[in-house]
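Chemist: Structure in structure tokens, see below.
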Amino acid sequence: MAASEELYTKSARVWIPDAEEVWKSAELTKDYKSGDVSLQLMLEDGKNIEHKLDPKTRNLPYLRNPDILVGENDLTALSYLHEPAVLHNLKVRFIDSKLIYTYCGIVLVAINPYETLPIYGTDIINAYSGQNMGDMDPHIFAVAEEAYKQMARDERNQSIIVSGESGAGKTVSAKYAMRYFATVSGSASEANVEEKVLASNPIMEAIGNAKTTRNDNSSRFGKYIEIGFDNRYRIIGANMRTYLLEKSRVVFQADEERNYHIFYQLCASAHLPEFKALKLSSANDFLYTRQGRSPVIDGVDDTKELCTTRNAFSLLGINESYQMGLFQVLAAILHLGNVEIKDRDADSSVIPPNNRHLMAFCELVGVTYQDMSQWLCHRKLKTATETYIKPLPRLQATNARDALSKHIYAKLFNWIVEHVNKALVTNVKQHSFIGVLDIYGFETFEINSFEQFCINYANEKLQQQFNMHVFKLEQEEYMKEQIPWTLIDFYDNQPCINLIEAKMGVLDLLDEECRMPKGSDDSWAQKLYNTHLKTCSLFEKPRMSNRAFIIQHFADKVEYQCEGFLEKNKDTVNEEQINVMKASKFDLLVELFQDEEKATSPTGHVQGTGGRTRLSIKPDKSRDTSSKEHKKTVGCQFRNSLQMLMDTLNATTPHYVRCIKPNDFKLAFSFDPKRAVQQLRACGVLETIRISAAGFPSRWTYQEFFSRYRVLMKQKDVLADKKLTCKNVLEKLVQDQDKYQFGKTKIFFRAGQVAYLEKLRADKLRAACIRIQKTIRCWLARKKYLRKRSAAITIQRFTRGYQARCLAKFLRRTQAATIIQKYQRMYVERKRYKQKQAAALAMQTILRAYMARQKYQALLREHKAVIIQKHVRGWLARCWYKRCLEAIVYLQCCIRRMRAKRELKKLKIEARSVEHFKKLNKGMENKIMQLQRKIDEQSKENRLVNERLVSLESSYTVESERMRGELSRLRGVEEDAKNKANQVSSLLEELERLKKELSATQQEKKTIEDWAQSYRDEMEKMVAELKDQNGLLKKEKDDLNRLIQEQSQQMTEKMTRAIAEETQQLETDLNEERSRYQNLLSEHLRLEEKYDDLKEEMALSSNVSKPGHRRTDSTHSSNESEYTYNSEYAELEDGTRGREDVTRGIDTSLTLKLQKRVTELEQDKQLLRNELENREEQLQRASAMARGAELEYESLKRQELESENKKLKHNLEEMRKSLLGNAATGAGAPGSPAYKVLLEQLSASCEELEVRKEEVLILRSQLVSQKEAMHHKETMTEPSVYKDDVSKLKDDEVKQAYVGLKDTNRSAAPDLRKLNEDGELWLVNQGLKETIRLLEHQLQTQRRTYDNEVESLRSELQNVKEENNRQQQLLAQNLQLPPEARIEASLQHEITRLTNENLELMADDPTASREARVVILRRMVDLMEQLEKQDRTIRKLKKQLKVYSKRIGEMGAGQTEGQTSPGQMVDEPIHPVNIPRREKDFQGMLEYKKEDEMKLVKNLILELKPRGVAVNLIPGLPAYILFMCLRHADYVNDDQKVRTLLTSTINSIKKILKKRGDDFETVSFWLANTCRFLHCLKQYSGDEQFMKHNTSRQNEHCLSNFDLAEYRQVISDLAIQIYQQLIKCMENILQPMIVSGMLEHETIQGVSGVKPTGLRKRTSSIADEGTYTLDSILRQLSAFHSTMCQHGTDPELIKQVVKQQFYIIGAVTLNNLLLRKDMCSWSKGMQIRYNVSQLEEWLRDKGLMTCGAKETLEPLIQAAQLLQVKKKTDEDAEAICSMCHALTTAQIVKVLNLYTPVNEFEERVSVAFIRTIQTRLRDRCESPQLLMDTKMIYPVTFPFNPSCLALETIQIPSSLNLGFLTRV
């Protein structure tokens, strides 16, 4: 039975055989019952059928896997393992998901897509490098990585076996595997071995690949490439072995096929000057290249391919002269094929004189025309007594000519392979290798000959090795898991191999027939029938043929035609033609044929010297023993080379790649099930499946099983032990215990059991869903009911509310009285209780203290007694042990001595016996006699064989002549048939043409009628349209007015958008320039490091090579090495002289290349500097002009406001005068209407005047702030947006823009002056509104400020409370210390507290931290000075104490009464210390001697520990010290001292980074100090732009003598290099955490289910102890951030670092998501979004939301959203296209293709939906790259950050050992 009968129920899906699709899916419409003879099925198209069961076997059809398991990465993960399941899974992955790779256990199945896919780039290689094989999606790179990893881990050689049909993609797969090794490993030397290995591919493709009907680039030979690695697993070389070159293709090609590519490349390049001498032309002009009638391959340029081939030759060391020699031989082969041989008579032929092609051949190969024409038409026959020349018929002569062409090409092929191997060999010792076998797959055609026989023989051997390896791995898995298992029956093809290669096998009989004088294909066939037909079941004879035989191979039966077997096996060439070739004047040709008499070539082909000479009856005694090797047939040599290959493979760990050809028409992503099944059966994939299915194919770890099927367990079944839980649940779910087995770490299931469990799980989830729906519907109904009920209750509530309020008032009063009574009584009772409690506590304290002391004394006595007992007992035990040990050793010695004496006695007796030697000699005599008899028998057999050879040779000659005549007659008949066929085709074409003319006439008639009808309709429409247009004209008029307004608004928006785009473009260009410049810096650094490494190697080699060299002092040599670094900014002459001494032993060419590269980099760097300076000057000019325009505009506005102010004053005066004038009359009396109006106008004018004053003040303040902002912008390293806009304009454009701006500003003023009084009132109104707006803004600002201050005061109050508690604890601890320790502890605590406050300020508010830092540092300095003073005081007191003690000892005892005691004397010296003493006024400089410079650099840079400095000292202290030393050198005007100090500093920092570049703390420390040193150089440079933030004291400390602008650029470059090193260090730390923490770990437990994984296990998502989680990433990010803050790194620089960190996290996560099908699910999208939110929360906590880090995660966020959104309708497609703007089209399509449902309730993405997405995204302009560049580093900038710390306040701690520095 195919599966358990219970599973064949209604709705179960099965597979039934089908003639077209091989297997077709159907669904049961009725339950199957035991005994039924048929099944009722419904096909997918809705058709109902009845499927009859086989009455004999009663086997049920195969069950279909659940949809959730379809499309898995590994075929062994399928629950039902059988042929239709495998075929369907491959088809779904290939057609629907566009995935060409699939695992099948240990085999990688690769389906040729016939389309170029973007999955082989360097980014993909980097993504697969270092990954486990099951963690990523199947890929050829995963197999290559597994082989590389196992080679390094197991110290065992590896092999990758690539096989498949022609056109299946074997060569491409092997090429990509080699590219992977070359990219990942690199080479061990500067010889670029990996490039040479890859360069061998185009050469071998040119001379060994050709176009066939199945493949445009088919390999016509097999090859095995061994890629060698050294002990560090870097490529050191390679070696290539080739097998069975198809030589017949040189002289014959079938239709639609080509010869080898190299011939067409030469013909396509014949027009080149260097190829004129080859006398070549088009490929259609040569017989050997035109027979296939397809000389061109679509999309291939043969001229360019030849250039690639020539470059590869050059790279492999084959110079131009040899290349031209090779091309010369190839051109000669083409000319030889065009040599026409004509009949002279029936038995002879002749070449016409002066044949131009033969002349060209002779000229190219350097032989005489007469000899070549003679031996092309004649041959020499040798007999026992004489030699004579025999003419050849035309057909035989033509065959001889073709044989010579094939032979020359084979020799040339072998020569190229040999020289390629020489170029790939190095002198480095090979530690291990990885072999890549690109060999032909199983082949069966309509006519199968000798080549197919050898190919299938090789595949039989490989299949046997494959079966044994698969069986072995299966056995090892069961043994490791301790699973009881029975022997699995698998197909053993050893009988088939014995049939071919055993004694009297097919090959043995073929070689025997070849040795016969008249051996023929027919006689050989008869021998095969007689030998094997009745004895071997795998050998059969066709019914209708006596010249063929059938062999049952492992894949299929193959019928071989015997014709041509003998000739191809012998591979004969005319000996005289070979002699002519050897006599050539062309050196290369002579080199090709010089080993003609020696062993055969590596290809396994025999290049004989002529067929008849090898069949001589009398052997030629002049030949040496090597001629026997020469007589080996092709089959014999192929068998030997194949055996060598198998020995090599058996000594390695194999990895299998099976290439499948999906269709025969080379259609992209088209799948033919018939062809696929044939190849799956032939390549062993189904055999792997069968072996797996015979045991326990489905394997789950206990944790994975528990996570997946937790829903099937009850709460009481879940135990702490997951293994026991799984056992208990399985026993309940699956009754048959044979269906599963429990291993040590896994559960093993029989085929079909996982599908059964999935069915149970789906049923359980479905029931849960129904329950959820029921509950929700109940909730909705209840909600409706509750709404109605709530309405009724509301009415009642308001009614009862009044009554309740009355009752509440009464109860409140009653409760208040009760509370008063309660508190009064409580106070009285509590007071009484407190008194009693205090008394009880006092008594308890005294009693407990007494008991504790008693207990302590008892414990102490007991402890001391135990110690005494322990030591005594230990001493007794040791004594007893020593006595026993001595007794035992003595007893052993006695027994061994007794046994040795007995053995010696036996040996002496045996040595004296003579019988022993007689037995030995007797056996040797018998063997010699047997060997003598065997030699006599074999000599008799040889004589009989020679006689049979003579008879067979004569019969073969007669038969061959008869066959040639028959062949010529058949060719004539064939020509007549072709002519008749051409006539028929021409008549049919004429008839077709007449039919087309008739149909065209009818079509024209119909067209005219249609035109008339359409004309009438158009006229009617035109009348109606004219009426409509009259109505539309009015609408258009209204629309035009609206459009004018919209256009004006659009123009404004467009201008704004254009300015923003221009600004963004300028920023992008600037970032690109920075990035390019920083990349050049990194390249320069790499070259410097390589140069330093070479110097060290040469220094070491020179030391080793001098035997008399004297060792120098270690300290001296280390100091020399520390300061021998030369920089490009140091003195060039000294550096040049130093390099000359070091590089004497280096390769001259390599040194010149390095020097040239360094020069080019310096030139590029200088050009970039100049360009940057020019851009900065343009920006400054443009900003100055723009600033002038703005100031002019503001001044005009101010003048305008002043004029308005004067006008208002004037109106006020006039109004007063009019009031005074009208006062005399009664009209202006108080209370009159006129008086009120005037008063109102007066008050309005006063208010307006006040408003105008406020506006003037506001404008002036704005002008001042704008001036300061402009100055601040000039100091920043990044130009503003406005500067970017202006810098992009030309000078003329800037002038025009400036004039236009002035005109615009001036044109606004007259409009204001032209306003009447109403307009002025409007202006006043606008001013009032603006004032109100400003006041509201100020009020809001003050409110926010107040809230912030209140919040800060609260936090400060809390901090003060905490600090108070800490101080009290510290005070209590200090009181218990002695006075000296108390002072030191308090000072240390104060320093620690100040440091913590500094760090908190820096983290909270970087701007405010600088001000607070000054205060804190001053307090720290004061504390340090106090500490030093107290240290000095203590030392003085100790000295005085010693003096006084000495005096007291000298004085008598009687005198001591009148003297002062030493304790009193100690107090006297304290008084001078407390006297205030004025400190020296320091200038903030440090002086050192010239000879102390090396010590300064060593103590301050090379030997400084960052951890101690960061915690205990001022951030950036080394930078401050170095700058203070530099200031003193500038102060004394010592240019040499300045130069050497800066050079030593730069080189020392480079050295410490080179030594400890992988330590994040070190790199971060020196990045912070380098930036601080750079800021100091700017701050104290004297430039105004850097001085405006300085204090007056700091301005006095500016450098006075030297301009260090150039050195600032050098240090800036150094900072860039350190930053890049910091990013690499962080990336190395974060890289292992990202995938595990962001993708694999389930942060939200239980959301994602685990699916079956197959043989290639994935990394578990369950967090173990060593598994990284999201918390690990967040902790590491926090550690990075805190470390940089402790080191005082600039806040802006920290933001850039964090942005780079988040980019790395997002890029690595997205890349792995795009390469892992198991990660593309809805639940995983939820996990990713949660993880991203946690990262955003971390940014928010650190105050880094504005650094741009969140934006770098946008592609990952959109990918997670894409996994979660709905993916069905066109609206969904539109939403996806608008949502995923940060993802490329390739990435979106990849995610949709990889989307995999984890549960049955999810649906797959349809192919139609993916095509809709592709159609909508077709117009996107973006990179086609699939993966993000994880190596990309954002360009870094270092904004100027001045320090508020005064240099004169800096104290140097003694821990730095810088006592030789003097403060100045």
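Cβ coordinates are placed from backbone N, Cα and C, and glycine is handled just like the others.
From TrEMBL, for reference:
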- GLY164, GLU165, SER166, GLY167, ALA168, GLY169, LYS170, THR171: ATP binding site (BINDING)
- 1151-1259: coiled coil (COILED)
- 1325-1377: coiled coil (COILED)
- 1420-1447: coiled coil (COILED)
- 1117-1129: compositional bias 'Low complexity' (COMPBIAS)
- 9-61: domain 'Myosin N-terminal SH3-like' (DOMAIN)
- 1543-1819: domain 'Dilute' (DOMAIN)
- 642-664: region 'Actin-binding' (REGION)
Chemist: Only counting partners 6 or more residues apart, tell me which same-chain residues put their Cβ under 8 Å from the Cβ of LYS170 (ATP binding site).
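Modeler: Non-local contacts for LYS170 (ATP binding site): VAL162, SER163, GLY164, SER219, ASP438, ILE439, TYR440, GLY441, CYS659.
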Chemist: Should anything in the same chain at least six residues away from the region 'Actin-binding' (642-664) have a Cβ under 8 Å from its Cβ atoms, list it; otherwise answer none.
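Modeler: Long-range Cβ neighbours of the region 'Actin-binding' (642-664): 90, 94, 104, 106-114, 140, 143, 146-147, 150, 154, 156-165, 167-170, 173, 177, 214, 224, 241, 243, 435, 437, 441, 457-458, 461-462, 465-466, 469, 670-672, 675-676, 679-680, 683-685.
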Chemist: Mind checking which of GLY164, GLY167 has the fewest other CB atoms within 10 A of its CB? They're the binding-site residues.
Modeler: GLY167
Chemist: To test your reading of the ATP site: which residues beyond GLY164, GLU165, SER166, GLY167, ALA168, GLY169, LYS170, THR171, same chain only, put their Cβ within 8 Å of the Cβ centroid of those residues?
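Modeler: Neighbours found: ASN112, ASN215, SER218, SER219, GLY441, CYS659, LYS661.
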Chemist: Quiz question: given the binding-site residues SER166, THR171, which has the greatest number of C-beta atoms lying within 10 angstroms of its own C-beta?
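Modeler: Checking each of SER166, THR171, the winner is THR171.
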Chemist: Taking the Cβ of GLY169 (ATP binding site) as centre, how many other Cβ atoms lie within 10 Å?
Modeler: 25
Chemist: So how many of the residues in the domain 'Myosin N-terminal SH3-like' (9-61) end up helix, strand or coil by DSSP?
Modeler: 0 helix, 24 strand, 29 coil
Chemist: Over the span of the domain 'Dilute' (1543-1819), how high is the average pLDDT in this prediction?
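Modeler: So the average pLDDT across the domain 'Dilute' (1543-1819) works out to 86.
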Chemist: Give me the non-local Cβ neighbours of GLU165 (ATP binding site): same chain, 6+ apart in sequence, Cβ-Cβ under 8 Å, ordered along the sequence.
Modeler: ARG214, GLY441, PHE442, GLU443, CYS659, LYS661, GLN679
Chemist: Are there any residues at least 6 positions away along the chain from ALA168 (ATP binding site) with a Cβ closer than 8 Å to its Cβ? List them or say none.
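Modeler: The answer is ALA110, ASN112, GLY441, CYS659, ILE660, LYS661, GLN679.
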